[in-house]
Structure formats: structure tokens, C-alpha cells
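Pulled from Swiss-Prot:
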BINDING   12-36, Lys161  NAD(+) binding site
BINDING   Ser144  substrate binding site
ACT_SITE  Tyr157  active site, proton acceptor
Amino acid sequence: MHLQPSTAVVTGAASGIGFALSARLAQAGARVVMTDIAGDGLAGAVEELAAHGADVTAVVADLTDPAAVQELADTAFGRLGDIDVVCNNAGVVGPVGMPLWSVPLDEMHAVFDVNYWAHVHVARAFVPRLLDSGRPSHLVQTASMSAFVVGAGTASYAASKHADLAAARSLRADLDGTPVRVSVLCPGRVDTPMTRGLVAPRNATGNTTISADEAADAVWNALGSDRFYIFTNADAQTRLGDQFNDVWRHLAREKYWTESSSPSVNSSRP
């Protein structure tokens with residue numbers, strides 16, 4: 001059953017997928033708290049949506065700071081009352097195109113601070129209150145196809161997205177049997193300010209590009225459902241197949257099963 005949200009919180013909302021999510025939710029009539037560390041960009045985003053009649057509130061916050069995230073939660077619940085949807089969307093690309101041993105450690109830590117730890121802080125601040133409300137709600141974690149598909153030169157970004165996917169899977173198990181649904185958004189290439197100018201990493205396969213609005217529509221269609229993985233790009237099956245078939249081939253070499261009996265990602269079975 002589709003969840004028709006009346007309230008929502010979106011992180012990383014100043015641009016890209018976060019802005020598109022905020023716009024999609026507001027368009028459907030939801031009151032939205034939009035948060036980002038980029039104060040000027042956030043102010044412009046809120047002004048743009050408000051000019052079209054959206055009920056949106058800006059909260060500038062550094063989500064890598066647990067205390068700031070708790071303050072965000074206090075503000076959001078105080079402004080909105082019960083919250084139906086939390087889009088845990090903040091993210092950065094960080095250094096790409098360098099082998100792991102060449103990436104400055106402080107830059108790698110900075111990527112994890114946003115792509116993993118900020119998501120952990122948001123989940124810890126919001127999920128207990130979502131549970132306390134006893135109402136149906138939905139937590140959407142923005143990961144990436146890089147949570148599955150890894151190319152050369154993506155050590156920081158891909159590893160942080162793997163960690164975020166693991167956290168989302170754990171949250172889904174933790175919240176099983178409760179009114180709180182969990183989904184993980186795994187977009188491929190999306191045309192956003194964060195990704196413009198980037199080239200595909202060496203050894204990467206697939207390069208279809210979608211708009212941020214298309215990613216937001218995919219999230220909207222999943223709200224209230226038990227759909228955990230939200231894949232957005234047309235090449236997702238091919239890219240995942242390339243990765244997982246490689247795993248099956250390695251397992252087959254170790255005699256765990258034969259090539260003929262190994263699972264197939266491209267199987268026509270549901």
C-alpha cells in the first residue's frame with residue numbers, strides 16, 4: 001500500500017537528488033523540513049520551492065556532528081509533529097581516480113563521515129521517535145550502485161556506500177515487524193551538480209544517466225511498500241549481473257558448486 005506522506009525530512013536537500021525528493025514530496029502536499037550544510041544553497045532551494053506554494057522549512061546542519069543531528073530531529077518533530085518519511089540522502093563523492101594507497105587518509109575519513117556516519121546519526125536520532133509514534137513511516141537511505149559495483153579509483157566512495165548499504169540492511173532487519181519501512185536507494189549515474197564533470201572510473205561498466213527527478217519518482221513509488229532495493233537506471237540489471245556472476249565464477253572454481261548449477265543473476269525467475 002502506498003504511503004501518502006503529509007510530513008517529511010530530507011537531508012542533503014540543497015541540490016541534486018535531495019532537492020528533487022523535497023520537490024516531489026512537497027508537490028504531493030507534504031510539509032518538508034529540508035536540511036543541508038550548504039546554507040546559501042539551501043536557502044535558494046527553499047525559496048524556489050516556496051515560490052511554487054510548497055510548505056518547506058530550511059535547517060542548516062552539519063550531519064557529521066551527532067549533537068547537531070539531535071537538534072535537527074528536535075526541530076523537525078517540533079515543526080512537523082509526527083514524521084512520515086525520512087530521506088537520509090546527504091552524500092559526497094570525494095577523491096576519485098586514485099588507487100587506495102594514494103588517497104589522503106583525511107579525505108577518505110571525510111567521505112565516510114558524510115556517506116556513512118551522517119546516515120548513522122540520522123537513523124539513531126529519528127528511528128526511535130518514528131517507532132514511538134506507532135504510525136506507518138518510511139526511512140529511505142541513499143546509497144548508490146557503487147554499493148555493489150566497484151571500479152578502479154573509487155576506494156573511498158564505493159567503500160562508504162558498501163558500509164551504508166550494510167547499515168540499511170541491518171536497519172531493515174532491526175525494524176522487521178514494526179510500522180517503520182526501510183528502503184535503500186541505489187542510483188547509477190544521475191545528472192546532478194555533484195557528479196557533473198566526473199568521468200566513469202576505469203573498468204566500470206554501464207553509463208546510462210537519469211535525472212534527479214527520475215530518482216525522486218522511483219523513491220515516491222516505493223513509499224509504504226516492502227520494496228527494499230530501489231534501483232533507478234536501466235542498466236542496473238546488467239551491471240549487477242556482471243558483478244555477481246564474477247562472484248559465482250570464483251565460487252565455482254573453489255568447487256562449492258559447478259558452473260552449471262550456480263545461480264544466475266540474469267535468470268528469468270521472479
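Cβ atoms here come from the backbone N, Cα and C positions, even for glycine.
According to DSSP, Val32 (NAD(+) binding site) sits within a strand segment. Across the binding-site residues listed here (Ala20, Ala28, Val32), the residue whose Cβ sits among the most other Cβ atoms within 10 Å is Val32.
Reported as a whole number, the C-alpha separation between Asp36 (NAD(+) binding site) and the residue listed as 'substrate binding site' equals 19 Å.
Per Cα geometry, Tyr157 is the residue among the recorded positions Gly16, Ala20, Val32, Tyr157 nearest to the residue listed as 'substrate binding site'. Cα of the residue listed as 'active site, proton acceptor' to Cα of Gly12 (NAD(+) binding site): a span of 16 Å. In the shown protein chains, 25 other C-beta atoms lie within 10 A of the C-beta of Ser144 (substrate binding site). With the fewest other C-beta atoms within 10 Å around its C-beta, Gly16 stands out among the binding-site residues Gly12, Gly16.
For Arg24 (NAD(+) binding site), the same-chain residues 6+ apart in sequence whose C-beta sits under 8 angstroms from its C-beta are Asp213, Ala216, Asp217, Val219, Trp220.
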